[in-house]
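Under the heading compositional bias 'Low complexity', TrEMBL lists 410-421, 461-471. The annotation compositional bias 'Polar residues' is assigned in TrEMBL to 493-503. Under the heading compositional bias 'Pro residues', TrEMBL lists 506-516. Residues or ranges marked as region 'Disordered' by TrEMBL: 394-423, 446-519. The transmembrane segment annotation in TrEMBL covers 32-53, 65-92, 124-145, 273-295.
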Amino acid sequence: MRSVERDATGTSDMFSAGSGCWFTQKVLCWRAAASIAWSVLLLPATTAAFVVLSKLSVLHPLRMLADCASVLVSAGAVFSFILLAGVVIAVGFLTFEYYTVVPTIACSKVALLGRLLHPRQLLYCLAHGLMGVVVGWCCAVTIGYRYETLASPCPQKDGDGPAHMCLNEHHLLLLLEGGFVGLSHGLLGVIHNMNYVSFGTVQQHKYLCFKGSLPLAVKCSAAQSFYSVRNFLGFYFFLGHVPRAWICRSLSLHLDSSAHPLDSISGLLDLSLLYHLWISAAYLLFSWYITLLLFRIFVTEAYSFPVQSTFTEEAPQCLPKVLSEKQPMILKFLALQDLSLLSQHSPSRRSQVFSLSQPGGHAHNWNAISKECLSLLAELTQRLVLHHESVATNGRTKSLSSSGERKTSSESSGTEDSMSSRPAFLMKTPASVFLRSMGAGPLSPLTSPFTPDLDSPFAPPTLRRLAAPPDLGSPWHGSVQSPHVLRRAPKLWSTSTDSQANGSPPASPASLPSPKPESSRPSFLAQFFQNRREQVKLFLAKRVLVMYLFTKLPEASSQALFADGQAHIWALEGLSYLVQASFTEDQFGVVQTTLPSILSCMLLLQEAVDRHFKLPHASSKPVKSPVSLGDSSHKTLRFALRATLKTAIYRITSTFGAHLHAVQMSAEHRKRLQHFLEYKE
């Protein structure tokens with residue numbers, strides 16, 4: 001079995017080679033296999049509970065127990081159990097193939113639709129739909145009675161005519177319900193990031209984790225099965241005749257004219273039928289939820305990496321080396337988790353981090369660990385800075401040319417403050433904002449938030465006119481003396497008259513835009529296509545449905561920026577606890593050489609985080625998600641990271657105290673650090 005790591009588009013990366021292959025083969029595959037094995041071992045108890053509930057009879061308990069015992073030992077039940085075990089193994093394998101430690105966040109309705117229509121995700125949903133049909137057949141055979149077979153002899157009238165086989169619509173209903181529930185489970189899994197594997201804050205034994213998650217699995221399966229059955233009944237009421245006619249035509253079956261069709265109100269208002277549909281859907285979802293829960297528990301179990309090794313062949317398995325790995329992502333996450341636990345609870349392993357190499361006397365372990373953690377924090381800082389440059393704090397946007405060329409940022413902050421404000425939602429977020437902290441590349445787990453830009457075909461014409469570059473020759477540009485003119489185009493360059501009137505020195509000639517040469521003007525054909533393109537943009541911008549699909553979802557950009565925030569949280573905890581412990585345990589002073597870099601990096605990140613939380617929707621709490629087993633902890637990672645960052649700085653300042661005045665840093669950082677020393681942050 002080979003591990004697969006996913007990116008935002010659903011593509012996969014097989015780890016057939018590389019230094020992370022040892023972890024995949026020796027640890028990850030065995031953990032996944034153990035979770036699947038436990039799911040199969042728990043299947044008999046789940047199946048027995050389903051049989052008891054399907055045969056439930058309060059007035060005749062002894063007959064109910066006898067029926068349950070006869071069903072459980074029958075040949076059909078044994079064959080059904082074998083099929084169910086195969087389905088559970090297939091579900092576990094799909095979970096292993098599609099899991100991710102960094103969630104994929106769709107920042108618009110069209111982005112979410114694109115995810116659902118991706119071939120890889122469609123295959124995932126269709127596979128669950130097919131397995132749902134198999135589970136529905138097993139449930140029909142287990143329940144028995146009128147659900148046991150798909151075809152049954154037609155009732156004869158007066159014994160005339162040859163015997164015909166009629167369609168058993170109750171059996172067909174269970175089969176279609178299983179496929180519908182399986183398909184909807186796959187779709188909801190893609191929408192709610194159900195294959196996202198998060199790491200628990202508190203380390204617990206696997207048994208305690210499973211015991212605590214079991215009530216949630218029961219609740220989610222019961223509630224979700226109710227909604228699935230409701231939706232399925234509506235589907236079957238309107239379109240049930242289509243699969244029924246196709247089955248009859250394919251298998252040469254007849255319809256029983258004496259029975260009420262189930263795609264009618266009288267046919268669906270059968271309490272026994274509704275109960276069996278609900279209990280079958282709940283059994284299907286519960287068995288799959290158990291598989292998913294066990295996989296999460298086993299895969300996220302803490303793993304202890306050696307800090308240093310005696311033998312050369314074991315060096316790739318050491319913590320400093322593993323922290324620098326890019327793939328598989330779960331290996332890096334487990335290494336950062338181990339670093340956080342090591343820094344808090346293991347003095348012996350901390351001493352290995354602070355130790356010097358022999359011979360040479362170099363702090364290779366500390367240098368490698370601190371370098372990787374600082375690079376993670378610096379990357380997040382750069383990501384936030386780039387995002388803030390694209391969306392200003394007060395809602396202004398930077399000017400972007402239609403060709404996508406970027407202006408140089410040589411202007412001072414005072415020049416930026418003099419620029420006229422523009423709507424914030426016109427800003428196009430740069431793709432570099434959403435590169436992974438584990439290395440930029442095409443395998444980025446984050447979805448770049450969709451924000452309509454000036455080139456978007458759906459930008460309103462009014463906003464496009466506001467964002468258009470000013471015409472220097474236009475009477476609307478520059479100083480307008482008429483008091484009746486209320487709107488002026490943005491003045492990006494002040495004229496000499498305005499500068500002298502304001503008391504500022506005249507602008508240099510280099511700052512004035514030079515007119516475009518005649519050779520750069522587009523040809524007639526290019527201008528024709530450009531005009532047609534603008535007409536299409538204006539037409540689509542007036543369509544409400546198009547704007548609804550392309551409108552940016554609230555908080556999506558902020559959630560995408562911090563989607564891998566758990567890694568940064570562990571990096572902050574590991575660094576801060578190691579620096580705190582170095583005050584008494586670092587005999588060689590290896591930490592003191594990098595203490596200025598650590599403090600500067602944390603203070604820069606603190607400033608970037610504070611600026612980000614002033615943006616719209618960044619500080620708003622996410623809406624409580626409905627009853628679902630999908631993990632939504634990624635929606636609050638930005639709040640957890642902000643709290644962890646402030647706690648990490650306070651941990652260092654409270655330990656070193658006034659000694660930090662001797663640390664070399666800039667005046668701005670020293671002033672900000674003084675606030676932490678005085679507990680004013």
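Placed from the backbone N, Cα and C atoms, the Cβ positions cover glycine too.
In TrEMBL, annotation is done automatically, which means it is predicted and not curated.
Non-local neighbours of the transmembrane segment (124-145) in the same chain are 47, 50-51, 54-55, 71, 76-77, 79-81, 83-84, 87, 90-91, 94, 98, 116, 171, 174-183, 185-187, 189-190, 276, 280, 283-284, 287; each lies 6+ residues outside the stretch with a CB under 8 Å from one of its CB atoms. Residues 32, 35-36, 38-39, 42-43, 46-47, 50, 53-54, 84, 87-88, 91-92, 95-96, 99, 132, 135-136, 139-140, 143, 147, 170, 173-174, 177-178, 181-182, 185, 194-195, 197, 210, 213-214, 217-218, 220-222, 224-226, 228-229, 232-233, 262, 629 of the same chain lie 6 or more positions beyond the ends of the transmembrane segment (273-295) yet place their CB under 8 Å from a CB of it. Long-range contacts of the transmembrane segment (32-53) within its own chain (CB-CB distance under 8 A, at least 6 residues past either end) are made by residues 1, 64, 68, 71-72, 77, 81, 84-85, 88-89, 91-93, 96, 139, 142, 279-280, 283, 286-287, 290-291, 294-295, 297-299.
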